[in-house]
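Per Swiss-Prot, the features are:
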- Glu359: active site, proton donor (ACT_SITE)
- His390: active site (ACT_SITE)
- Lys518: active site (ACT_SITE)
Amino acid sequence: MAYYRTPHDVTALPAWQALQKHRDAMQSFSMREAFAADAKRFDQFSLSACGLFLDYSKNLITEQSRDLLVSLANEVGLQDAIKSMFSGEIINASEGRPVLHTALRRPVGDKLSVNGVNVMPEVHKVLNQITELVGRIHDGLWRGYSEKPITDVVNIGIGGSFLGPELVSEALLPYAQRGVRCHYLANIDGSEFHELSANLRAETTLFIVSSKSFNTLETLKNAMAARTWYLAQGGSEAELYRHFIAVSSNKAAAVAFGIREENIFPMWDWVGGRYSLWSAIGLPIALAIGTANFKELLSGAYTMDQHFQTAPFDKNMPVLLALLGVWYGNFWDANSHAILPYDHYLRNITKHLQQLDMESNGKSVLQDGTPVKTDTGPVIWGGVGCNGQHAYHQLLHQGTQLIPADFIVPVVSFNPVADHHQWLYANCLSQSQALMLGKTREEAEAELRAKGLNEADIEKLAPHKVIPGNRPSNTLVVERISPRRLGALVAMYEHKVFVQSVIWGINAFDQWGVELGKELGKGVYQRLVGSLEDSAEDGSTQGLINYFRGRHRG
């Protein structure tokens, strides 16, 4: 039986038990001493793949650690799980679906059957439709109701219909095509729509409504607000089709909204929202950077798919990162993981990875519904590196929690200013170095003596200047952010998340926890507006409803 039908008890596996013993033996392991003792440690714990360079030498591991972690991957049947995903088996068991976002980046000529049907012709048909539409808009052939070319495109979507496309279009801003500006509208908060629409003209604005079901509350409310605004600005119902297109699997609902069927791009149930930027959900990406660059993005992801499927686990970038995450989360009691990009254009990668990781692996039952016996997904947090140094890096250095971190940095800047980028790169490296080295009591005292402090003051101040060190991190270096390398980077994290789900025996591709809040939200709304008089299920919620109703105006 496949792993997703008969989930294992990972804690009973020999490799897991060996790792527990190894963890005890590693209690006094010092990275500082390991580097001093082994001049080749950097070479032994680093690798290149798909335009990315990974240094994972600043981790609490030895070669034995890596071997044991790889053994764990083998014992859970990771290779078979990878094959199952790429071949279209139903690995999303709770929803009865295959998981094939990887099909979206496979080249022309590949074959892949879902329910006996080769899906690749349809995938490339949609990609060709994207290419045609983007070309018409960039060439000024798609015109609004006043016959003026489109200048602004607003993507209306939330979750995976927003976070991935926003990340990519902003990360690749240096590749932006002239003439068309792309914007994103996700939050149901009216202030977001107000601020965005204030800078738009209806006659030259195109809205993309991105919702698989065409029933997502926030997206539909924003789409209706956009429609009302469009009509108030001088647009007409008859010309609505010029200003609204959709990405959805619910054609009937999109047509009822006023969108022409030929302007509805399909979605497939074998592509989850947080994995959908490679699909027609990526239409705003293609509009922002052009279809040639969008296809380069897909190609970069495809190269990582190939690496993931073929590289030995001890030289497999997504697998190694996943195993390190399991090592810290399950054996070192780490509850969170920091993502620290040292690049302005990558500032939104943490938000995307939060959804990718936490929505995928925030699970407490195995594939068969029985409780897990281990901790699963960590909290993902972080932000732009240099800014974080003056905010939360203090917790990384001297806090009581062990928090592994990923540093992401390019070698070349798109916008060099004097020696700014050299300082940026130096800051990135020095932060990972400081986490690893720390500062001993002796070093702190010597530093204070060199400044002329007396012994009494040194005795008081030195403990505050001690930094434990031995804090783990990975450093991911790219020569320069490009569509191809970014595609590989995002795909790498996708595969990392999948590997961890296989080890824990959970389903990374459903999100039932998200649904409960949606269901309860309907009842809360009805009570807020007075259409439902029954009390809420609990006193706290009812009290907050009463507070709102007693004070709300408008």
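Backbone N, Cα and C define each Cβ position, glycine as well.
Here the Cα atom of Lys518 (active site) is found 37 Å from that of His390 (active site). Here His390 (active site) is positioned 29 angstrom away from the residue listed as 'active site, proton donor', judged by their C-alpha atoms.
All chains included, 10 other C-beta atoms sit within 10 angstroms of the C-beta of Lys518 (active site). Annotation: Glu359 carries the greatest number of neighbouring Cβ atoms among the active-site residues Glu359, His390 [cut-off 10 Å, Cβ to Cβ].
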